[in-house]
Ligand SMILES: Nc1ncnc2c1ncn2[C@@H]1O[C@H](COP(=O)(O)OP(=O)(O)O)[C@@H](O)[C@H]1O
Ligand SMILES: Nc1ccn([C@H]2C[C@H](O)[C@@H](COP(=O)(O)OP(=O)(O)O)O2)c(=O)n1
């Protein structure tokens, strides 16, 4: 019954931005599942673009060649929050795009403004698609996460959130993800992936402070479930929609 009522609601678009390790992907997936929405990981699109360019042997500082390659990239994003997928052509690149090699180089592609224009166009299309009845979400909508979703890609989203966490918390989380430990050596080895990358990315997008109308959720002292609950509470307060 509740499902039927929800289906009559207007589509809901939730935009979530934040720095590396703030919990965007984990929290957005869970929030999307609980709300019955699709999930769009825009960072995965920049990672896939990086994989594609490297696979073709391109130098990532050749901005024109990279832009041309990305314009021709046969990218397909699966938006099921329980099992999101990324394919380029026929290849499942879901694992390949998470390697340290890609993490170390993705900013070179993400700071290419022609690439941002092209991937931004695809992201707007993917978000609009989920507001239509025949889409994966059945027109219920989408949680889209990245660095510029609240500001550039979907500034008119129903709910706009900035997910933050202290530098210490973000480094420790990434160290556990990548090295299985948050000891001093693991945290040190993660600094490039988190801090240097955020510094490079910040030259083209602003994701450290909330723009007007964007609600900040600080997850430094929350665990994953508490952070999901905090995000769902903002969604309820701003849109009236409950999980
Ligand atoms: N409070 C929390 N909120 C979100 N993620 C958390 C939290 N505590 C620990 N984590 C863990 O931190 C890691 C990084 O989260 P991730 O979603 O990849 O961040 P991002 O997409 O912002 O880089 C994940 O392994 C996640 O389970
Ligand atoms: N909307 C977006 C999403 C990601 N990016 C860039 C910034 C990051 O370095 C890469 C990869 O993003 P991703 O969200 O996968 O990175 P983290 O998992 O948060 O470390 O893409 C961007 O510039 N704009």
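Keep in mind that glycine also has a Cβ here, set from the backbone N, Cα and C atoms.
Predicted automatically and left uncurated, TrEMBL annotations should be read as such.
Per TrEMBL, the features are:
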BINDING   18, 19, 20, 21, 22, 23, 24, 25, 26  ATP binding site
DOMAIN    14-236  domain 'Cytidylate kinase'
REGION    1-27  region 'Disordered'
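Features per TrEMBL, on structure.
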residue	record	Cβ contacts under 8 Å, 6 or more apart
18	ATP binding site	24, 145, 147, 162, 163, 164, 165, 207
20	ATP binding site	170, 174, 193, 194, 197, 198
22	ATP binding site	163, 164, 165, 170, 219
26	ATP binding site	224
- line: Once DSSP output is merged into helix, strand and coil, residue 24 (ATP binding site) belongs to helix
Message: With an 8 Å cut-off on Cβ distance to the 18, 19, 20, 21, 22, 23, 24, 25, 26 Cβ center, who else from the chain surrounds the ATP site?
response: 27, 163, 165, 170, 173
- line: Expected list for ligand 2 (Cβ under 6 angstroms, binding-site residues 18, 20, 26) reads 20
